[in-house]
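K.L.:
Below you will find the structure I want to go over with you.
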Amino acid sequence: MAEKKTADNKSNREKAIESALEQIDKQFGKGSVMRLGDQPARRVEVIPTGSVALDIALGIGGLPRGRVVEVYGPESSGKTTVALHAVASAQRNGGIAAFIDAEHALDPEYARNLGVNTDELIVSQPDTGEQALEIMDMLIRSGALDIVVIDSVAALVPKAEIEGDMGDSHVGLQARLMSQALRKITGALSASGTTAIFINQLREKIGVFFGNPETTTGGKALKFYSSVRLDVRRIETLKDGGTPVGNRTRVKVVKNKMAPPFKQAEFDIIYGEGISREGGILDMGVDEGIVRKSGAWFTYEGDQLGQGKEKARQFLKDNPDLCEEIEDKILRKVGIRKDPELEETQSPVGDAKDGATEKAAAKAPAKKTQSAAGKKAETVDF
């Protein structure tokens, strides 16, 4: 008797929840609420960072689309360089990019050297923090943007602070501004598939004797809303003879909602050229056993690439097809890329992607270039 009563109660509850789900779909649109088990595995679209080591450390092959990413670190550590390489990757895949230059310090010549198409790059140099975030919000809601960079959060000065006098106290004003902006743009980012990169600076807390005194500007909201947080540090100066030619950079993934966090990546940033893609491929190729290093010589499948890292790097730079082949093997070995045969057997994933694209298009009908950019974007199963 008790078992029958329990079964009837469960049946009534199931009918009630089904009725509620139907009512929600009718009022707010199909797909507004769903059971997670009803959906097949989703495919996460990404924007490559320009460093194969960082793509692997992120666990999904790049920066996730439709999410907030925070890049922070000390001065001259390579924060803007990492962001500009992501912009260049998005543009190469047919995407549209925007750069909100709140610091008024963007160097177009350096951006071109990194592969950014500056003629097509949308740039804004706002007067106030409110203006910068409002411009960003409007660009995202257009549905046509693939990536937007804010450089930097520390330079988003509230209007009240600009109009006030030097020495005036504005406690928590910037933090409230960031919190409000992130609440507004998070949903729009997801619907349009736009990646938002916030570059941030470091400050030190006063009176901290134990633990890390470093903190980032703009309050805590950005820490919570970010799906990925990257800590960029310069660890070594690269020299040619006695002349500095670049930096050895370490990036730690301190937060990652898409894959396991706390992984690290190291790569070279060459002055005037940016991240050395070929150098990173050599390093990862040796680590994964795809490229063999014997003494100073680098060899790949019996063919010598060069004596010394610099000559091997230049050889890969002069032979982009070989460089692409080695990179592809590395990404397949670590599981970032999958064989075409395996991808063809996962048709439900494609259907899920199409459904998500249709939903995004319905919310942001002005977007015209997203589908083309999405087809060319790197994708992994999640």
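A Cβ is built for glycine as well, from the same backbone N, Cα and C atoms used for every other residue.
Caution: TrEMBL annotation is automatic and unverified by curators.
Straight from TrEMBL, here's the annotation block:
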- 43-202: domain 'RecA family profile 1' (DOMAIN)
- Gly73, Pro74, Glu75, Ser76, Ser77, Gly78, Lys79, Thr80: ATP binding site (BINDING)
- 207-280: domain 'RecA family profile 2' (DOMAIN)
- 335-382: region 'Disordered' (REGION)
- 351-361: compositional bias 'Basic and acidic residues' (COMPBIAS)
- 362-373: compositional bias 'Low complexity' (COMPBIAS)
K.L.:
Taking DSSP as the reference, which of helix, strand or coil describes Thr80 (ATP binding site)?
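P.N.:
Once the DSSP labels are grouped into three classes, Thr80 (ATP binding site) ends up as helix.
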K.L.:
Tell me, if you would, which residue among Gly73, Pro74, Gly78 (binding-site residues) has the fewest other CB atoms within 10 Å in the structure shown?
P.N.:
Pro74
K.L.:
Give the three-state DSSP assignment (helix, strand or coil) for Gly73 (ATP binding site).
P.N.:
coil
K.L.:
Other than its own, how many Cβ atoms are within 10 Å of the Cβ belonging to Ser76 (ATP binding site)?
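P.N.:
If we count other Cβ atoms within 10 Å of Ser76 (ATP binding site), we arrive at 10.
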K.L.:
On the 0 to 100 pLDDT scale, where does the domain 'RecA family profile 1' (43-202) sit on average?
P.N.:
95
K.L.:
Ser77, Thr80: which of these binding-site residues has the sparsest Cβ neighbourhood within 10 Å?
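P.N.:
Per-residue Cβ counts within 10 Å for the binding-site residues Ser77, Thr80 bottom out at Ser77.
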K.L.:
Once the chains shown are all counted, how many other Cβ atoms turn up within 10 Å of the Cβ of Glu75 (ATP binding site)?
P.N.:
8
K.L.:
Based on DSSP, tally up the residues of the domain 'RecA family profile 2' (207-280) by helix, strand and coil.
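P.N.:
Across the domain 'RecA family profile 2' (207-280), the residues distribute as 9 helix, 39 strand, 26 coil.
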K.L.:
Counting across all protein chains present, how many other Cβ atoms fall within 10 Å of the Cβ of Lys79 (ATP binding site)?
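P.N.:
The answer is 25.
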K.L.:
Other than Gly73, Pro74, Glu75, Ser76, Ser77, Gly78, Lys79, Thr80 themselves, what residues in this chain have Cβ atoms within 8 Å of the centroid of the ATP site's Cβ atoms?
P.N.:
Val232, Arg234
